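Participant: What follows is a structure written as structure tokens; I'll ask about it next.
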């Protein structure tokens, strides 16, 4: 699961980078003096990949050759949480970044509004990271019999 989490999360943020890059290219023709100021959406899209890296390292550090199925599903859910939140944040940052830098070229006062909307879009990815961290830290099972105390759970996992 960790390779899947880390390998797919940059694809989601790359949409934000590509969309924002197109907007920056179009904007820099009109106002080349604002080009470096409007690189902020690209930087914010890059932060989303770091969220996936953090969760991937945490999950891979806890992997064992034999672990409970419940733990594996928790790790899968944590990876999906940060991945899908990264997808939403990447799309939002891309769309806002493209429209925001084009609008900033025509009206520089729109820059502050663009930054605020980008922060709200970035928080989507941060929410996914927080959910993944909570799932990963609270979803540990040492003994399968503690998880499911039914007559079937009397069977121990083979060593």
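Each residue's number is its place along the chain shown, starting with 1.
Including glycine, each Cβ sits where the backbone N, Cα and C put it.
Summarising the annotation, TrEMBL assigns domain 'V-ATPase proteolipid subunit C-like' to 14-59, 76-135. Residues or ranges marked as transmembrane segment by TrEMBL: 38-61, 73-98, 110-135.
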Participant: Over the span of the domain 'V-ATPase proteolipid subunit C-like' (14-59), count residues by DSSP class, listing helix, strand and coil in order.
Facilitator: 43 helix, 0 strand, 3 coil
Participant: On the 0 to 100 scale, where does the mean pLDDT of the domain 'V-ATPase proteolipid subunit C-like' (14-59) fall?
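Facilitator: In the predicted model, the domain 'V-ATPase proteolipid subunit C-like' (14-59) has a mean pLDDT of 87.
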Participant: Which numbers of helix, strand and coil residues does DSSP report for the domain 'V-ATPase proteolipid subunit C-like' (76-135)?
Facilitator: 57 helix, 0 strand, 3 coil
